[in-house]
């Protein structure tokens, strides 16, 4: 049996830590969550020489071991808890050759914890370009470590790193500087009371509230006595510590690294001059957004039409091939139709994640934060709220988690509350199908299709509502909180294909499987409710309908359709839908749409799947969802059910309503109270109802 | 003078950082007495400020920059 060791990847944000992780693990990785919290946990397996295996864990990026967010806290909890099953046998600190000075701060802290450590200096391909040269043996001696100079972009040095990990037992584990000199009496005292404990560990416990596992807590209980120093004093000491570390680092790098500024080229300055320009910066940002929407609408329509058709044929084929019976019907009408409703929007989600991951990877997202901060502040948001608002176009759940780096609690809370207004991927299938039904084809000025333009307007409506409600919340919420704002402006980088592809693959997979489970379950339930019903009206449908139309001389096919729709109306779901109808009729919907809306409160994308399931029950022909919807007639007003008025009304309802249980759960978790998600549910959905009502009544 | 008064392209050395008003995170990114600072770019209304501090590029708001004292250096 081969031996397995734990390796932790640690580093500042923007050092290419994830690229190193991808290079080591390839496709042998999985993404989950840390137990009890919503911080993403990435782990993978890497095969090393001589039959050794490494379990690699990619820890959240952090600038130091002084945690200020939940994500950063994960790093410290792991490094301080020797009993954790993931406690590293070796820590790999990833740094970027252009930001070595800053990256080394975290490195020196980790060295103080006496964990065997390897320093990875990434992006070595940039050295020549930037005129940087490094004295590796000198740095290895000063920093008391082994260094792997690598380039994930050029795929260089990865094997050297693997070799170093394999020989982890030979790595030095002693600190490279003595931080206790910042207050010798204090630290000597500490050492006396806890002779068996690592001094730096104690210091970290004192300066921050780390939630230790219960077993470990007891050892540190007496530490409470050492908080005798006031908070301000402790903060001053932390500041002294940071200065001390930087002195050491600056000193070390003065000899270990030379930068020839004359031979350094700087693309950053040239790009920044345009991309953060006070006019062009915004023009370019708007153009990029437009491109994204055009891609989602236009480019993905081809695979989508194909998927739609394929599922319709599959359902038809199943019906014709398998023996007749309840199971075949469940499979063909419930499960396949329901699944088609999920699979159909894979192309769009993939496109969205593709663009978002390119924007993040290239370093452009930070420029957007910089450009937008001043504007967003007017609405009580932060420039950093732009990232959640943009990722909200994929899914509100990761977007709400992305608010964690907003320093001010008020700005963060407002961002969390308004993010669900942005048009998430789950609204997309609803929008697309309704737009296809009510907006004519053709192109505005011959370039942008009207349908894409409508979609763009819906996205703008989402952003506008988010920002507008932020403005109101900013006025209404009475809370004082300090507003700090620090954002790193990383170097521009050409996104690595491998990283982008893995992100798109992983996010799409998570989304589809997550949503798929709900949709599949609901489809089955809906199918049962639509296929069975109580009482005479349902069970004797054939006799009733035949009698009713006896004088009308219908042919067999017409009669069968009448029976099917009679059955559906008197099934369980029909009865529930009819009960609901008085509430939604003023919005222009019939009971079928009502059922779809109600089931959408589990997750919005269920809408299309539900309609697909309801409409396919009892219909024999091979038809796509869209054609079935286009053929629906409004029972009261006559004419197509999905006309301009009811279509716009539905679009507005979906734009504003809070219809996602997972988002509510995340908001509860992130705000630590039920108050905020309940406000969101009631206010957003109420607003949606009123907006849809007005739209239909005005347009009809 | 304070960092907030720095002009675009101008350079300075940080002399003092008001520890009550400045988050530790900013210090960790190199915003410490003795380190150099250069104003790279400003957003419209001169806020936020895009700085190069000790080789690190970052952006902070003007209200934060008000709490950092610097001395300018001529090139």
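Here the Cβ of each residue, glycine as well, is placed from N, Cα and C on the backbone.
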Select from A:300-320, A:489-509, A:510-530 the stretch of residues annotated by TrEMBL as transmembrane segment.
-> A:510-530
From A:217-244, A:245-272, A:413-440, the residue range that TrEMBL assigns the feature transmembrane segment | A:413-440
Helix, strand or coil at residue A:17 (GTP binding site) [DSSP, three-state] = helix
Within 8 Å of the Cβ centroid of the Mg(2+) 2 site residues A:23, A:25, A:26, which other residues of the same chain have their Cβ?
-> A:21, A:22, A:24, A:27, A:28, A:29, A:44, A:46
Under an 8 Å Cβ to Cβ limit, what residues of the same chain, 6 or more beyond the ends of the transmembrane segment (A:510-530), are close to it?
-> 31, 329-330, 333-335, 337-339, 341-343, 346, 349, 394-395, 425-426, 568, 571-574, 576, 595, 599, 602-603, 605-606, 609-610, 613-614, 617, 662
Of the binding-site residues listed as A:22, A:23, A:25, A:26, the one whose CA lies nearest the CA of residue A:60 (GTP binding site) = A:22
Stretch among A:279-297, A:335-359, A:379-401, A:636-657, A:677-699 sharing the most Cβ pairs under 8 Å with the transmembrane segment (A:452-473) = A:379-401
Distance, residue A:26 (Mg(2+) 2 binding site) to residue A:123 (GTP binding site) (CA atoms, angstrom) = 19
Which one of these stretches, A:279-297, A:335-359, A:636-657, A:677-699, has the most C-beta pairs shorter than 8 Å to the transmembrane segment (A:413-440)?
-> A:636-657
Among the binding-site residues A:23, A:123, whose Cβ has the fewest other Cβ atoms within 10 Å?
-> A:23
Which of the binding-site residues A:11, A:22, A:23, A:60 have a Cβ less than 8 Å from any Cβ in chain B?
-> none
Within 10 angstroms of the C-beta of residue A:25 (Mg(2+) 2 binding site), the count of other C-beta atoms across all shown chains comes to 22
